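> Got a structure for you, written out below as structure tokens; questions coming shortly.
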Amino acid sequence: GLPICGETCFFGKCNTPKCTCINPICYKN
């Protein structure tokens, strides 16, 4: 599995740096 950023996302953007939104969770690049 991908490392989770600990952030949820709803519009394709994550506030955490170097994180990508895979709805509804942000994952580290």
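Cβ atoms here come from the backbone N, Cα and C positions, even for glycine.
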> Using the record from Swiss-Prot, pick out the residue from Cys9, Cys19 that is joined to Cys21 by a disulfide.
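The record-listed partner cysteine is Cys9.
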> Using Cα coordinates, what distance in whole Å links Cys5 (disulfide bond) and Cys26 (disulfide bond)?
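About 5 Å separates the two Cα atoms.
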> If you count the C-beta atoms lying within 10 Å of each candidate's C-beta, which of the disulfide-bonded residues Cys5, Cys21, Cys26 ends up with the smallest number?
Cys21
> Where does Cys5 (disulfide bond) sit by DSSP, helix, strand or coil?
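Reduced to three states, the DSSP call for Cys5 (disulfide bond) is strand.
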